[in-house]
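What Swiss-Prot says about this protein:
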{"type": "COILED", "residues": "69-110", "note": "coiled coil"}
{"type": "COMPBIAS", "residues": "7-19", "note": "compositional bias 'Basic and acidic residues'"}
{"type": "COMPBIAS", "residues": "175-192", "note": "compositional bias 'Basic and acidic residues'"}
{"type": "REGION", "residues": "1-26", "note": "region 'Disordered'"}
{"type": "REGION", "residues": "75-96", "note": "region 'Leucine-zipper'"}
{"type": "REGION", "residues": "175-217", "note": "region 'Disordered'"}
Amino acid sequence: MLAGQLEARDPKEGTHPEDPCPGAGAVTEKTAVAAEVLTEDCNAGEMPPLQQQVIRLHQELGRQKSLWADVHGKLRSHIDALREQNMELREKLRALQLQRWKARKKSAASPHAGQESHTLALEPAFGKMSPLSADEETIPKYIGRKNQSATLLGQFSSSKGDPLCLSSPMSLKIERISSWKTPPQEKRDKSLSRRRQDRRATPTGRPTPCAERRGGV
């Protein structure tokens, strides 16, 4: 404004004696100013759509960040739950291994523990069984051998045709008792009775006890 007023007051100052058209510099300046104003107006008209696009992108980025944060939190909680479950399973596995180790150690320390427990389980049903003494073990063997020898003597006398010896109830009772014995013991008793029979064989010409009874009858 001040420059225009000065130019209007002093028109001779802006002109040159050699200028063909005085006032050409002022027109050029006005044209430049008008062009700058038009450029600014165009830029001002283009800015709102860009700003809206930037705002939309910023909002979309915020949404994506919130979604990723939510997913990350869920994954973190799931990982923590899996860690706790893994720790619990490891503790259970250690406890089982410790129990197995204790059981193996106990079985190695007491190999007859199973037999003792089985005996203790049978005691309430059958009562406590005391072991036989040495005399009680030898008496049945002696009785069995004696009965076997008597049976063999009765068989030897019956082979000579004595009906009294065949019908003797004592011999039948002895045979029943001897039949209860086991085969290995019976074989041993037979061998012993044969030896005794050979030693106690009646001499020739001497009557047997059964023959004497028959003669007396």
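For all residues, glycine too, the Cβ spot is worked out from N, Cα and C.
In the predicted model, residues of the region 'Leucine-zipper' (75-96) average a pLDDT of 95.
Secondary structure counts, DSSP: the region 'Leucine-zipper' (75-96) has 22 helix, 0 strand, 0 coil.
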